[in-house]
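K.L.:
Here it is, the structure in full.
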Ligand SMILES: Nc1nc2c(ncn2[C@@H]2O[C@H](COP(=O)(O)OP(=O)(O)OP(=O)(O)O)[C@@H](O)[C@H]2O)c(=O)[nH]1
């Protein structure tokens, strides 16, 4: 069964609680993407080169990324020829299937957090300022505490940005986890070292470390992350278990380029796409996959504490293509 049929069978007419969050959070993307494709089908009597050009534009406007768009459209053309389809109204299923078959191909699809087999799990959060790192750490700490029953601690390793420490402290307080912090302008690795020591003493299960996001000063940032990684490894040899890169989905292709830069600086193990509810260009998930081949582990679908959702490909497809699937 193709993605299209699978998603249709799974979600249409049903209302699972988590699914509602995806549908609401991706509403703007769905309207831009699905409605434009439906509108295109209504305008063309038959599928021709012009139709495909417009389809390419819709995909590009949804932030799918040019090289990915070319691959997807080539696949769609091929399938249309094979099935001998000429009516644009019959193409929805093929569009949805091809987009996601390409996404899922050769993919590292694990969305689960890689926890340590035993002892302390260390998660390092990286990303440029304003991407939503602090908010994500708060939401993630809450998820891990409430859903998995683990004891979480956070380390205020962004000593560079004014206010970052206080902001993280507010979140820690809100979700009821302990925070280890140093002074603004201090050595972030010292904070992390301190946090590692305390986490081990207090039998913490998961330590989430904030870091500064000065991508414009790449050499310093690289040195800082290297030092932090060295200290973490010295204390917990198989750590960090995850280095999650936080990207603001509303920054579109710029966010994708930042992600590429970050992945050159440090070993990223997964992505968190924030503010998906604030963009009409939900296709960024596909573009990132194409350029980085890293799994999207979480997506931010709002500002509330429970708006960070584990990335689920089926729910994402349904959210993005709702009006196509339900046509
Ligand atoms: N709508 C929406 N807003 C979000 C989401 N994630 C974060 N935000 C908001 O984005 C803004 C910036 O997020 P912060 O966590 O404060 O990011 P920052 O502290 O500026 O920068 P860093 O922590 O360095 O990334 C805040 O107003 C958050 O509430 C999301 O998934 N959806």
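Placed from the backbone N, Cα and C atoms, the Cβ positions cover glycine too.
TrEMBL does not curate its annotations; it predicts them automatically.
So TrEMBL lists these for the protein:
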BINDING   127-134, 210-214, 274-277  GTP binding site
DOMAIN    295-308  domain 'SRP54-type proteins GTP-binding'
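What's the neighbourhood like for each of these?
P.N.:
Using a 10 Å Cβ-Cβ cutoff, residue 130 (GTP binding site) registers 13 neighbours.
Panel annotation: around the domain 'SRP54-type proteins GTP-binding' (295-308), residues 21-22, 24-26, 107-113, 132, 135-136, 138-140, 142-143, 174-175, 242, 244, 249, 270-277, 285, 288-289, 316 of the same chain, lying at least six beyond its termini, place a Cβ under 8 Å from a Cβ of the stretch.
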K.L.:
Mind looking up the mean pLDDT for the domain 'SRP54-type proteins GTP-binding' (295-308) in the predicted model?
P.N.:
91
K.L.:
Out of 130, 211, 214, which binding-site residues lie by ligand 1, with a C-beta less than 6 Å from some atom of it?
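P.N.:
130, in sequence order.
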K.L.:
Residue counts in helix (H, G, I), strand (E, B) and coil for the domain 'SRP54-type proteins GTP-binding' (295-308), per DSSP?
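P.N.:
Split by secondary structure, the domain 'SRP54-type proteins GTP-binding' (295-308) comes out as 3 helix, 6 strand, 5 coil.
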